[in-house]
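Read the structure below first, then the notes.
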Amino acid sequence: MKSWSSRPVPELPGTGTAPRVHDTSTGQLEPLAARDGRASLYVCGITPYDATHMGHAATYVAFDLLHRLWRDAGWSVDYVQNVTDVDDPLLERADATGVDWRELAESQTELFRTDMSALNVLAPQHYVGATEVVDRIVPAVERLLERGLAYRAPAGTGQGGEPAPAGDVYFDVDAAGALRAEDPDAWVVGSTCRLAGERDRMMPLFADHGGDPDRTGKRDPMDPLLWRAHRAGEPSWDGASLGPGRPGWHIECSVIALDLLPRPFTVQGGGSDLAFPHHDMGAGHAYALSGQPMAEHYVHTAMVGLDGEKMSKSRGNLVLVSTLRAQGMDPAVIRLAILANHYRTDWFWTDELLEQARRRLGTWREAAAKQETAGADAMLEAVRAALGEDLNSPAALIAVDAWAARNLGGAAARGSGASSQDTRLARDTVEALLGVVL
């Protein structure tokens, strides 16, 4: 699957330092280390039926900051993002709108690409649809069956009481967790998000985020689906010994990551709603297949709301990037509105936030339009320091604000040492590290 085009990133003087980020698996700020000068990133992509809402945009802009920081530190970056281009919500939306699910997925994926390019998000090297890797998922599920870490469920009833045919394949979380007796680093359910042993907390999350605890015939209600046997009216693929069907959600990302990234890769990223079960179960699948942890660190972005409520597809209160762009909004303003909020803090989208970002961008561009400015060296170091400490974008914006104010305050405020080179450095800093073109 094609990705999108990226603007060249300006090179900055000096070298940035390795950032520290909050790791969900430890609950602490952790330094990120390169391996032979390379860092690797997997960010879970969209299910393409309501792209690109502000929650999506906030997540991908946050990990774009990390991508840019790694490059500024002189590291090469291996970046993979998937597209869940077949899944129950997509099929339900296609059925409700009378659009073929493949057409819906492709149109929404193309819209997402356009939005990401407009927001100046650096493209992943690998952009992979789940439907493109079914032929690799099937043997992975077969291996889990052979190792006794998965099982076929008998015919029964599904999550909504609908008939469930024999042949659904589930991951056995208890059998996989037992591997810890041999390896203290082995996965157990909940271990990547500090929920291990807290079943009362995990079960509601499992049910609310794609799980099917009420499916009869499962060994444990929290066992996740690996292969969904074919149902009438649903797309299916040749599953070899599994029979016709389609893959479960978590195994898609596990297989893509194992195929394209080191083991373990540096950062697994996504929204906080993916921490459990999606990222945790995906880590379980990856360990069961490879005998190694999936990722070194798990990093999650907070939720975005509107008018005091969580922004979500189910609530129908989405603010779409494409809608704002169609209304004539500069994508750089949208990006600045996102960056005004720390990636780990829940926040609400408002018209005032957008207006503040519009005014801020205008001020920055006015300063950057001056032939000669001063203070860009200090601004560069302040932006690097702010982003290096858990991607503190609000602090980074304040550093640019200070530079702009100094250079719009007249010669006395600007002081000595003004030059055209300073203006170029300021523009390059804001674009290279914050992704905002002045």
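Glycine is treated like the rest: Cβ placed from N, Cα and C.
Note on the region 'Disordered' (1-27): residues 33-34, 66, 68-74, 83, 109, 113-114, 116-117, 120-129, 132, 191-194, 267, 275, 297-300, 344, 380, 384, 387-391, 425, 427-429, 431-433, 437 of its chain, located 6 or more positions outside it, place their CB under 8 angstroms from a CB of the stretch. Annotation source Swiss-Prot lists region 'Disordered' at 1-27.
Swiss-Prot lists C44, C253, H278 with the feature Zn(2+) binding site. The C-beta environment of C44 (Zn(2+) binding site), restricted to residues of the same chain at least 6 apart in sequence and closer than 8 Å, consists of Q81, N82, C253, G269, G270, G271, L274, H278, H279. Mapped onto three states, the DSSP output places C44 (Zn(2+) binding site) in coil.
Cβ neighbour count for W249 (L-cysteinyl-5'-AMP binding site) (all protein chains, 10 Å cutoff from its Cβ): 24. Summarising the annotation, Swiss-Prot assigns L-cysteinyl-5'-AMP binding site to C44, G45, I46, T47, T59, N82, V83, T84, W249, G271, S272, D273, V304 and lists sequence analysis as the type of evidence.
Listed by sequence, the residues of this chain that lie at least six past the ends of the motif ''HIGH' region' (46-56) yet keep a Cβ under 8 A from its Cβ atoms are 83-85, 87, 89-90, 93-94, 104-109, 111-112, 115-116, 271, 303-304, 306, 311-313, 318-322, 338, 349. Taken from Swiss-Prot, the feature motif ''HIGH' region' covers 46-56, and the record attributes it to sequence analysis.
Across the motif ''ERGGDP' region' (208-213), the DSSP tally of helix, strand and coil residues reads 1 helix, 0 strand, 5 coil. Annotation comment: Swiss-Prot describes 208-213 as motif ''ERGGDP' region'.
The feature motif ''KMSKS' region' is assigned by Swiss-Prot to 310-314. Restricting the average to the motif ''KMSKS' region' (310-314) gives a pLDDT of 68.
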Intrachain C-beta neighbours of T59 (L-cysteinyl-5'-AMP binding site), sequence separation six or more, cut-off 8 angstroms: V43, G269, G270, G271, T301
DSSP-derived helix, strand and coil totals, residue by residue, for the region 'Disordered' (1-27): 0 helix, 4 strand, 23 coil
